Amino acid sequence: MCASACCSAAGSRPVTRLQSVSEPESLKPKRGFVAGFVDSVRDISRNPEPERVGQRWGFGAFLLVEAVFILSAVFITAIAKQFGVSLLDSVPLVLIGSIVPTVLAAGVAIVITYVRGNGPKIDLRFSMTREDVAIGLKLGILGLVLTYAAATVWAKVVGEENATSAVGDLLSGSNLPLGAAITMFLYVSLIGPVCEEIIYRGLLWGAVERQGWSRWAAFGLTTVIFAIGHFEPLRTSLLLVIAIPIGIARLLTRRLGASIVAHVMNNFLPGLTLLLVAVGVM
């Protein structure tokens with residue numbers, strides 16, 4: 001009788017908190033990507049993420065990283081003006097002003113996870129699996145379609161003369177040396193996306209989870225702050241659209257790898273366009 005009762009109790013035992021954060025089966029769609037995607041979204045729990053043991057950083061870490069980004073950009077601009085040089089007139093300054101603040105901020109984010117946490121692999125969910133690559137590629141392609149459609153509408157709203165980015169403004173009308181153009185292409189299409197994912201869907205997402213909020217809250221907040229954090233008011237609405245598929249990749253897999261792949265996919269064509277413009281082909 002006792003054994004039977006124990007078995008019955010074990011069979012009806014609710015799923016533990018640890019089991020609830022295991023990788024969803026719906027991430028392996030069996031009815032095609034669209035159907036699997038819909039199932040994945042439906043299966044995402046609205047319950048808060050479990051507390052991360054050993055993580056001793058939160059929103060303050062993100063604010064520090066943002067301060068590093070802003071202050072380093074201001075410092076570079078101030079030094080250039082001190083010597084009477086404009087960012088638009090100096091190829092080295094174009095590269096330094098575009099690349100250094102983002103890379104430095106991402107580097108500080110990683111250091112924070114080592115000093116105040118468990119390192120980027122655990123705290124930022126910084127890992128890459130075949131599943132991440134597959135989901136990232138699919139959502140990246142979807143993102144390209146959405147971005148093209150949104151950019152077409154956005155250009156008509158703001159006007160063709162305003163339909164550009166901060167990096168595009170820096171490179172407009174200048175023929176960069178081939179080496180500099182390739183460097184900028186690698187930054188826009190690869191280095192920049194990795195760094196931005198570390199900052200927004202790594203550090204900021206982790207700060208949200210530490211508060212015990214749901215993944216939906218993390219997705220929504222990081223999407224909005226990602227768009228605003230580029231400090232390009234005219235492009236904010238477009239950046240919101242761009243950020244959605246990237247955030248969904250992070251939302252579904254709970255890892256940074258998929259969102260990195262989706263972000264790289266989304267930035268590849270714009271990066272290639274900037275490369276061709278910079279070398280005078282377009």
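Backbone N, Cα and C atoms are what each Cβ position is placed from, and that goes for glycine too.
Listed features, source TrEMBL:
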- 181-269: domain 'CAAX prenyl protease 2/Lysostaphin resistance protein A-like' (DOMAIN)
- 57-80: transmembrane segment (TRANSMEM)
- 92-115: transmembrane segment (TRANSMEM)
- 135-158: transmembrane segment (TRANSMEM)
- 178-200: transmembrane segment (TRANSMEM)
- 212-231: transmembrane segment (TRANSMEM)
- 237-253: transmembrane segment (TRANSMEM)
- 260-281: transmembrane segment (TRANSMEM)
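Applying DSSP to the domain 'CAAX prenyl protease 2/Lysostaphin resistance protein A-like' (181-269) sorts its residues as follows: 79 helix, 0 strand, 10 coil. Long-range neighbours of the transmembrane segment (57-80) within the same chain, counting only residues 6 or more positions beyond its ends whose Cβ lies under 8 Å from a Cβ of the stretch, are 86-87, 90, 93, 96-97, 100-102, 104-106, 108-109, 112-113, 116-117, 123, 199, 203-204, 206-207, 210-211, 229. The average pLDDT computed over the domain 'CAAX prenyl protease 2/Lysostaphin resistance protein A-like' (181-269) stands at 94. Of the recorded ranges 135-158, 178-200, 260-281, the transmembrane segment (237-253) has the largest number of C-beta contacts under 8 angstroms with 135-158.
By the Cβ criterion (distance under 8 Å, sequence gap of 6 or more), the transmembrane segment (212-231) is counted as touching the transmembrane segment (178-200), at least 3 such pairs being found.
Listed by sequence, the residues of this chain that lie at least six past the ends of the transmembrane segment (135-158) yet keep a Cβ under 8 A from its Cβ atoms are 27, 33, 234-235, 237-238, 241-242, 244-246, 248-249, 252-253, 257-266, 269.
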